[in-house]
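Peer 1: Structure below; questions to follow.
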Amino acid sequence: MNWIDIGHIDDIPERGARLVKTHAGCVAVFRTASDEVFAASDRCPHKGGPLSEGIVHGNKVTCPLHNWVFSLETGEAQGADEGVIATYPIRVDGGRLFLDITELAARSAA
Amino acid sequence: MTEKLVVIGAGMASGRMLEHLFDANPDAYDVTLFNAEPRGNYNRLMLSPVLSGDKTYDEIVTHGDDWYAANGVTCRFGERVLRIDRERKVVVGEKGEVAYDKLVFGTGSNPFIIPLPGHDLDGVIPYRDLEDTEAMMQLGDKPGAKAVVIGGGLLGLEAAAGMAARGVDVTVVHIMGHLMERQLDEAAGYLLRKSLTDKGITVLCQANSKEIVGKNGRVKALMLDDGTELPCDLLVMAVGIRPNIALAQDTGLATGKGIHVDDQMVTSDPSIFALGECVEHNGAIFGLVAPLYDQAKVLAKTLMGEPATFVNKEVSTKLKVTGCDLFSAGDFAEAANREDIVFRDPARGVYKRLVLEGNRIVGAVMYGDTGDGAWFYNHIKDGTDVAEMRDTLIFGPAFQGGATADPLAAVAALPDDAEICGCNGVCKGTIVQAIEGGAGDLAAVRATTKASNSCGTCTGLVEQVLAATLGDDFQMPTAQPICGCSDHTHEDVRRLIKSQELKSQPAVWQELGWKTVNGCHVCRPAVNFYLLADWPLDYMDDPQSRFVNERNHANIQKDGTYSVMPRMWGGMTDANELRAIADAADKYGAVVKVTGGQRIDLLGVKKEDLPAIWRDLNAAGMVSGHAYSKGLRTVKTCVGSEWCRFGTQDSTGLGIKLEKLLWGSWTPHKVKLGVSGCPRNCAEATCKDVGVVCVDSGYQISVAGAAGMEVKETEALVAVKTEDEVLEWVTAFIQLYRERAKYLDRPYRWVAKVGLDWVKDTLADAGTRADLVERFEISQSVYRTDPWAAEVAKSERYAPLANLMLEAAE
C-alpha cells in the first residue's frame with residue numbers, strides 16, 4: 001500500500017466529488033451524504049464523461065453526459081448499462097483523505 | 001322511592017357523571033347541584049380559545065339551563081356550601097339546607113398561589129375560571145398593556161398566548177430550565193420556546209420570582225431575584241393546582257393530598273363519593289381529563305349499584321399549545337440502560353424522540369408532528385418488542401413493512417383541513433365528505449366539490465383520497481411516478497410539498513416515503529427546484545442536486561471543457577464589453593460563436609479557468625447569461641421604434657426591462673422570451689415561451705411557443721396598453737409556470753396540460769396577478785443575483801483536489 005494524503009474530507013462537498021490528477025488519468029474522489037468516501041476513475045466508459053461532475057445519490061453516481069449510473073462501491077454500471085470503472089482504496093484518518101496509489105503508479109509504469 | 005343525590009361542584013367530571021347517570025336511569029335520583037361559580041358545567045379546557053377570541057363562552061357551555069331543566073336538576077349556582085351535617089345527612093348552603101341520601105364531592109382544585117410578597121394585590125390572578133379569563137380579555141382592550149405570567153406549564157402558556165393574541169405584551173417567567181418540563185424534554189421545550197418567541201412573547205427560564213410590586217393596592221411589576229423588574233398591568237399565576245379538600249376536611253372525611261377514594265370512588269363515608277381533581281386514588285391525584293372521565297363512568301355505575309372499578313391508566317398527553325402540536329407519553333428521562341432514537345427536521349420544526357430500554361419503547365416526545373403519537377403510545381402500553389422495526393421505528397406506522405410502504409400513507413395522513421385543490425380551495429375533508437356522500441369516482445368528486453376541476457394538477461391526489469377513503473372499491477388509474485425512488489407523480493410531490501409544508505429534502509424523502517436515501521439524478525433536481533420555488537426564503541438551493549451545467553454555471557461540452565456566455569441585456573452590447581470578450585477569448589484560448597439568442601459564446605474553456613474568466617468578464621460589467629440554466633435564458637429583441645422605420649414601440653427597451661426583471665429566476669425548464677417592435681416580428685417572438693409583439697395600440701402577449709424538437713407558434717394570452725402591464729402579465733405567467741409545472745416541462749407542454757383557457761382565467765384576475773408578482777419578487781429577492789460573482793469567491797472548488805502528476809518520479 002502506498003497511501004498519499006490528498007486533502008481534507010471537507011474540501012469535497014457532501015454528495016459531491018473532487019478530482020485528483022494522476023499519471024494514470026483523473027481519479028474522482030466522492031463524498032456521500034453519510035460522509036463515506038470513494039475513489040474511482042473519473043472517466044465514464046460510455047463516452048468519457050467526467051463522473052466527478054455527476055450527481056451523487058446514495059453510494060452511486062450518475063454520469064452527467066448520458067445518465068449512466070455507477071456503484072461507487074463496486075464500480076459497476078447499474079441497470080441495463082454494461083461497464084465498469086476502476087475503483088481505488090481510499091481511507092479517512094482524522095478528516096484527512098489518503099489515496100492508495102499503488103495501482104495508479106503501477107498503471108503509469110505499464 | 002327516588003333517592004336524593006346532592007352534587008357539590010358543576011365541573012367537567014361531575015357533569016360527565018350526571019350524563020352517564022341520566023342515560024342509565026333518568027329517574028333514579030332527584031339531583032341538586034351546587035356550584036360556587038354562578039354558572040353550570042362548561043368545558044374548562046376551552047377557556048384558552050375563549051381567551052384568544054377564537055370561541056365565545058356560549059360555544060363552550062356543556063350543559064345549558066335547558067339541559068338541567070330537562071333532567072330535573074335543581075341548580076344552586078353561585079351558592080357556596082358552608083358545611084355538611086353527616087349525622088342529619090344535610091348539605092348546608094348559603095341559602096339553606098338540602099337533605100341527601102347520597103352526596104358527591106366534585107369540588108375540583110384550587111390554583112396554587114405562590115405566597116410571594118404582594119400576591120394579594122389587585123391584578124394578581126390565577127387562570128382557572130371564566131372570571132380570570134375575562135380579566136385577561138379586558139387587558140387586551142387597553143393599548144400598550146403588559147402582562148406577566150408566572151409558570152411555563154400548559155396553562156401558563158395558554159394564558160400567555162391568548163393575551164398575546166389580543167395584543168398584550170406578555171412575558172412568561174418560568175423557574176425551570178425549559179418550558180413544560182414535565183411533558184417535554186429540553187429539545188422540544190426549545191422548539192416550543194422558539195415558536196412562542198416568534199409570536200412576540202418574551203420567555204424567561206430559570207427565573208426566580210422574588211416579589212410582586214404594587215402601587216395603590218394594585219400590581220405594578222414583578223421583581224426577580226436577580227433584580228430584573230418586569231412591569232405589568234396584570235400578573236397571572238399559573239404554577240399548578242391543589243385538590244380542593246377544605247370542605248371534605250371540615251366534614252371529617254379521610255384526606256391526604258386529595259379526598260381519599262377507593263376503586264368505586266367511595267370516600268371514607270359510604271354515603272359520600274368524590275371524583276375529579278379533588279380526589280386522591282392510590283396516592284395519585286389528577287389533572288388531565290381522560291382519567292376524570294373514567295372516574296365519572298365508574299361513579300355513575302357505583303351510584304346505580306353496579307360493579308365498576310377505576311383503574312388509573314398510563315396517560316399520554318397530546319396537547320395543542322398555541323397552535324403547536326405536542327405529544328408526550330411514558331418516561332423520557334435519560335439513563336445508562338436507555339437509548340434514544342431522534343428525528344429532527346429543523347426546517348419544519350419537527351422533533352421526535354423515542355426512548356428505548358432494551359427493545360421496548362418506554363417514552364416518546366414529539367413536537368410539531370404528533371400524528372403517530374397514538375401508535376407509539378400503544379407500543380409503550382403493550383411493551384411491544386420493536387427490534388424488527390427499530391430502523392424505521394421513528395417514522396411511524398406508515399413506514400413499517402419496508403419496501404411495501406403504503407403509497408397512500410402521506411395522503412391518508414393529511415389532516416382534513418389540508419388543501420388538495422389550490423385552484424378551487426378544496427380541502428381534504430370536503431372531498432372525503434363528498435366521497436362518503438356517494439361520489440365514487442374522479443368525475444363525481446369534480447362535480448360535487450370542484451376539486452381537480454380547474455388546472456387538474458391535483459388529480460393524482462384526489463384519486464389517492466378516493467383510494468384511501470374507498471379502499472378496494474376504488475381502482476386507481478396508473479399514473480407515472482416521478483422516478484423509481486417514489487410512487488408519487490411530479491404533480492403530487494409538488495402539491496404535497498405545499499400542503500405539508502415540506503421545506504427540506506430530508507422532509508420530502510421522509511414524509512413522502514422515498515425509497516432511496518437521497519433520491520437520484522432524476523428526482524433530486526426536480527425536488528430541489530420544487531422546494532426552492534415554493535419556499536424561496538426557507539429552502540436554500542442545493543448545488544449538489546443540480547446537473548453539472550447549473551452547478552458549474554457553464555455548459556459542459558463533449559470534451560469536458562465548458563462554454564461561457566455573458567448576458568447581453570436585450571441583445572445589446574457595446575465596444576467595452578466586446579473588447580473584454582475578445583481579451584478573454586485570447587487569454588483562455590476560447591472559440592467565439594454568435595448564438596441564436598443574440599449573445600456571444602466562448603467555447604472550450606477549462607473548468608479550472610472558469611472563475612478567472614468570470615472575474616474578467618465581471619470586471620467589464622458583465623454577468624452570467626444563464627445559458628446553462630433551467631431558468632430565464634434570453635430576451636431576444638429587434639431594434640424597435642428607436643431605429644426601425646416600422647417600429648411601433650421601444651421593443652429593445654422593453655426587452656431589457658423584462659430581462660432585468662426576470663434574470664436569475666429558476667424555472668421548471670428553460671424560458672426564452674422575444675419582443676418584436678412590429679408584426680413583422682424580426683425578433684421571432686411568436687415561437688418563444690413568451691412573446692411580445694408591439695403594435696400601434698400597445699402590446700400583444702402570447703405564450704407557449706416552441707422552436708426546438710417541436711415547432712409551435714405561440715397562442716395569444718392578452719393584449720395590453722402599457723409596458724407596465726406587459727411586465728405584470730409576463731411575470732405572473734412565469735410565476736404561475738414556476739409554481740405549477742412539472743420539472744422539465746417547457747411552458748408549451750405545461751400549457752397543453754392545464755389548458756390555455758385555465759391559464760387565461762387564472763391570470764385574468766387582477767388580484768391573482770398581483771399575488772403571483774409578489775411571490776415572484778420574494779423569490780427574486782434571493783435569486784436576482786450574479787452566480788458568477790459568487791462562484792469567483794469559491795474558486796478553489798474548480799481546481800483539482802490534488803495533482804499527483806507533480807509528485808517526483810520514483
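Using N, Cα and C of the backbone, Cβ positions are placed for all residues, glycine too.
From a predicted model like this one, the values you see are computed outputs, not experimental measurements.
Features from TrEMBL:
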- B:4-279: domain 'FAD/NAD(P)-binding' (DOMAIN)
- B:316-383: domain 'NADH-rubredoxin oxidoreductase C-terminal' (DOMAIN)
- B:420-467: domain 'BFD-like [2Fe-2S]-binding' (DOMAIN)
- B:482-531: domain 'BFD-like [2Fe-2S]-binding' (DOMAIN)
- B:557-620: domain 'Nitrite/Sulfite reductase ferredoxin-like' (DOMAIN)
- B:630-763: domain 'Nitrite/sulphite reductase 4Fe-4S' (DOMAIN)
- B:Cys638, B:Cys644, B:Cys678, B:Cys682: [4Fe-4S] cluster binding site (BINDING)
- B:Cys682: siroheme binding site (BINDING)
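A description of the local structural setting of each listed feature is requested, covering burial, neighbours and distances.
Peer 2: In the domain 'NADH-rubredoxin oxidoreductase C-terminal' (B:316-383), the DSSP tally of helix, strand and coil residues is 10 helix, 37 strand, 21 coil.
Within the model, the domain 'BFD-like [2Fe-2S]-binding' (B:420-467) carries an average pLDDT of 81.
In the three-state DSSP reading, B:Cys678 ([4Fe-4S] cluster binding site) counts as coil.
Within the same chain, residues at least six positions away from B:Cys682 ([4Fe-4S] cluster binding site) with a Cβ under 8 Å of its Cβ are B:Cys638, B:Ser676.
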Peer 1: Please compare the binding-site residues B:Cys638, B:Cys644 by how many other CB atoms fall within 10 Å of each one's CB, and tell me which has the fewest.
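Peer 2: Across B:Cys638, B:Cys644, these binding-site residues, the one with fewest Cβ atoms within 10 Å is B:Cys644.
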Peer 1: With an 8 Å cut-off on Cβ distance to the B:Cys638, B:Cys644, B:Cys678, B:Cys682 Cβ center, who else from the chain surrounds the [4Fe-4S] cluster site?
Peer 2: B:Val639, B:Gly640, B:Phe646, B:Gly647, B:Ser651, B:Ser676, B:Gly677, B:Arg680, B:Asn681, B:Ala683
Peer 1: How many of the residues that make up the domain 'Nitrite/sulphite reductase 4Fe-4S' (B:630-763) does DSSP mark as helix, as strand and as coil?
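Peer 2: Across the domain 'Nitrite/sulphite reductase 4Fe-4S' (B:630-763), DSSP assigns the residues as follows: 52 helix, 36 strand, 46 coil.
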Peer 1: Relative to the Cβ position of B:Cys678 ([4Fe-4S] cluster binding site), how many further Cβ atoms are located within 10 Å?
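Peer 2: By my count, 20.
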Peer 1: For the domain 'BFD-like [2Fe-2S]-binding' (B:482-531), jot down how many residues DSSP puts in helix, in strand and in coil.
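Peer 2: Summed by class, the stretch gives 26 helix, 2 strand, 22 coil.
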Peer 1: Against the domain 'BFD-like [2Fe-2S]-binding' (B:420-467), which of these stretches has the most C-beta pairs under 8 Å: B:4-279, B:316-383, B:630-763?
Peer 2: B:630-763
